[in-house]
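Everything on this sheet refers to the single structure shown next.
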Ligand SMILES: [Zn+2]
């Protein structure tokens, strides 16, 4: 965990600094379920149709709620998806994305959960709620995207330096063999890509290097501003836009 850096150097943060990896601190049941999101679910689990209902918990501040609305409406503008906000109690049987506040957790499960009824929870701390790009990252998980550097073809594009990563975080760098790329080019600027120093033991050295003509090269990767063209391209393909 790089918790110590959170308040002091926000600009140098990678997306991985916002989510939570509970290998060393207390995990309650709800969080344990979220923890498994990167390993167990398939991106082929897509929301049926293009209209997706969402709900914002009633303890959000005005700014937090408007950040969520801004984050999801960007998908309405840039893809064929139509996120529609619900207020009040959802009709029985309705599936919806539920943005909830958490003291210490930013995360959600990847993709539509066919066996789960009601809400698909997205947990966000106040810090994550202050960043529309982080809310969009979590929304892309909800829609079925894993982290970019977990693509099954990632070994052609990046090299992971496991020597510089504590063993307990190795699982965060697994390639997900059962996922698909939809033939969208590998995108170092994806909002789903970890930064080059993600989980580094020695933060002066990268843990992820780009492979350019087979040679490992240090370069910036990942960002927290919002979906890249590659991220949007995948969503458009997945949801038949
Ligand atoms: Zn993530």
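Placed from the backbone N, Cα and C atoms, the Cβ positions cover glycine too.
Database features, via TrEMBL:
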ACT_SITE  138  active site
BINDING   137, 141, 147  Zn(2+) binding site
DISULFID  106-128  disulfide bond
DOMAIN    38-241  domain 'Peptidase M12A'
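Same-chain residues at least 6 positions away in sequence with a Cβ under 8 Å from that of residue 106 (disulfide bond) are, in sequence order, 18, 19, 20, 123, 124, 125, 127, 128, 134, 138. For residue 137 (Zn(2+) binding site), the same-chain residues lying six or more positions away in sequence with a CB closer than 8 A to its CB are 15, 18, 19, 191, 192, 224.
Taking all protein chains in view, 23 other C-beta atoms sit within 10 angstroms of the C-beta of residue 141 (Zn(2+) binding site). Same-chain residues with CB within 8 A of the center of the 137, 141, 147 CB atoms, the Zn(2+) site residues themselves not counted, are 15, 19, 110, 138, 140, 145, 146, 191, 192. In the three-state DSSP assignment, the secondary structure recorded for residue 138 (active site) is helix.
Averaged over the domain 'Peptidase M12A' (38-241), the predicted model reaches a pLDDT of 92.
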